[in-house]
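Structure, as structure tokens:
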Amino acid sequence: MNMAQTVTQNPRGVKTLLPLDVELRNVFKFFNQEPAVHGVDLDVKQGEFFSILGPSGCGKTTTLRLIAGFEQVDAGKLLIQGQPMTNIPPYRRPVNTVFQSYALFNHLNVWDNVAFGLRLKKSRKSEVESRVKEALKLVKMESLRSRFPSQLSGGQQQRVALARALVNRPAVVLLDEPLGALDLKLRKEMQVELSNLHKNLGLTFIMVTHDQEEALSLSDRIAVMNQGKIEQIGTPQEIYERPKTSFVADFIGDTNLFSGEITVLEAEYIQIVTKTGLTIVVARNEDTPAELLKSVVVSVRPEKIQLSLYPPSSLNNCFEGRLINVMYLGTHVNYLVQLINGININVLQPNTFGNLPDRETPIYAWWAESDCLAINQMTND
């Protein structure tokens, strides 16, 4: 089989070739003549944990359904392990899907739910026995094999759904918001289990989620979608630290955005005057767009901003303001600061267990030139 490959670098910097498990080439999907998926291009490498992240209605679930075969591509190409998937039904694709709703059969116990797909394929009884046993062991559900779904917790049902997907030994496991129905504590626990399962099996996982933290913590790479299009693909660190668009900067985590125009453009820094009159200096580095437009957006993460009662000496990006809200979050404290030009900014600082300042306290907010990022202002931003 001639499988497409992608170039990557190992930790020593030596280029190697990795096969691609899933490829989308300029893929479109229309509903009522409106594009739900609009010219999507992406490659998913073999053994990768790849997440498609975006808000409701962005096209991420439709993209997953196209890969699974539940929807058909209207234009473009979709390949799995180098083979075109045009008109290939779901049951003939080397993929299995884990749904948010689990989709377990209530009248079947755990063992029979996991065995269902193998029996449908008329697998030998001995093979069904060994593979179901192996799958249940992977998800730590051997002792509950005789229970019915109604007798299981949400986390246990999720494990059964995972086992049912893994028992068929697919090349690609598709996860449709798999942890969305779980409470926060259980979701955190299942994130760890899902990550360990992926590492132990070495399979390709493609997950759809709207949960930024979930995508950042689990993924090797993330594709951020918006209005049917891919805004950016990168590692979690690249997506968070080096967003390419203001949508990505705003959607991934929290950020403070300032729209303005470049007034000084030097080799080492950029000076921007915002629409509200602030002058912000941004250090130029490898993350700065090669071609900057006159209109830009400055992104500053809340955790990059410092607060002090007195102005630091000879420092750019220092602005006077007042505290208008203080929110205690346990390990951190979130401050809402209104700058002298009337703009509100969010500041996140570690909890030092001291007395919190009162509201209306005059304060100075400042950040380093290297802690903010200039992004080209697009027409739809």
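Each residue, glycine too, has its Cβ placed from N, Cα and C.
What Swiss-Prot says about this protein:
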type    : residues                               : note
DOMAIN  : 22-252                                 : domain 'ABC transporter'
BINDING : G54, P55, S56, G57, C58, G59, K60, T61 : ATP binding site
Checklist entry - Using a Cβ-Cβ cut-off under 8 angstroms and a sequence gap of six or more, which residues of the chain neighbour C58 (ATP binding site)? => result M225, N226, Q227, G228
Checklist entry - Which of S56, T61 (the binding-site residues) has the most other Cβ atoms within 10 Å? => result T61
Checklist entry - If you count Cβ atoms within 10 Å of the Cβ of G54 (ATP binding site), leaving out that atom itself, what do you get? => result 28
Next on the checklist: Beyond the listed site residues G54, P55, S56, G57, C58, G59, K60, T61, identify every same-chain residue whose Cβ lies within 8 Å of the center of their Cβ atoms for the ATP site.
Outcome noted: H210, M225, N226
Item to check | Helix, strand or coil at K60 (ATP binding site) [DSSP, three-state] | outcome: helix
Checklist entry - Ranked by the number of other Cβ atoms within 10 Å of their own Cβ, which of the binding-site residues P55, G57, G59 ranks first? => result G59
Checklist entry - Any idea what DSSP makes of G54 (ATP binding site), helix, strand or coil? => result coil
